Amino acid sequence: MTKIIFMGTPAFSVPVLEQLASAYDVIAVVTQPDRPVGRKRILTPPPVKKAALELGIPVYQPEKLRTSSELEELISLEADLLVTAAYGQILPNTLLESPKHGAINVHASLLPEYRGGAPVHYALLDGKTETGVTIMYMVEKLDAGDMISQRKIPITEEDNTGTMFDKLSKLGAELLMDTLPDFLAGKITAVAQDPEKVTFARNISREQEKINWTKPGRTIFNQIRGLSPWPVAYTTLEEKPFKIWEATFEDTKTSGEPGTILTDKSTLKIVAGDGTLIVPTVIQPAGKPKMDIHSFMSGAGRNLSKTTRFGE
């Protein structure tokens, strides 16, 4: 049976690991170290570690794989194939070249578009109507390897980064399992990425999280769903942070300055730069838990007036 080393960290990677382990001999799992999580900073293992332990697979958690003693140990396992999915570190050539069939990666975009660590976020932020998963060879340069297989999936108006992560995670596992038999048999010819079509999905900055109400409504709507459920788009209300977790978009022109509030007793609408409307459905005022808009409007939201503007 083909011996595989798997490397991954977040929940996105778990279905890939589980599918691999159901059909192949996964001899080791490499993931990031346990990290403090939440307000109480409780040391928490990555989702992949939990899954690997449940499957009875040995787990390695080097802080920096490139300089760790575990690197040589992994090479000495003489795996037939290395598979990665959102591991989180650049891998050295000594490891990439050690398996018989090399190293391949499950990447959540239609390469060469969106190389980098936040491809799902950017597909939503840019208003794409489809994205997908690419299986490609691993090289030292970030997400630059030749492509082995690719599969597309639509993005709907109701999707956000969270829903697309779930869909792409399952799609990636399915595509990998469909690809591996022919790949291991040497029946697939990989295709180089077109350098003219390369784009990057760098990690989201704090500046990208803040809503600019002078922008078109469609752009703001894509920002909200592209940053949900993490890190979450925010604006300010009376100079305090105000997160918008979920919203809908109304493509109707309305008069009013950007950030102007239109409200009745149960709904809240905010004017965007082109006069269209953002209609928040799940929000989080400063110092409060996340709540649906009806709860907000029956409480603190009752005090909002038409002279109040978001972003001020």
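Note that the numbers count up from 1, one per residue, in the order the chain is shown.
Glycine is treated like the rest: Cβ placed from N, Cα and C.
The annotation (6S)-5,6,7,8-tetrahydrofolate binding site is assigned in Swiss-Prot to Ser109, Leu110, Leu111, Pro112.
Leu110 ((6S)-5,6,7,8-tetrahydrofolate binding site): 21 other CB atoms within 10 A of its CB, across all protein chains.
Each of the binding-site residues Ser109, Leu111 was ranked by the number of other C-beta atoms within 10 Å, and first place falls to Leu111. Over all protein chains present, the Cβ of Pro112 ((6S)-5,6,7,8-tetrahydrofolate binding site) has 20 other Cβ atoms lying within 10 Å.
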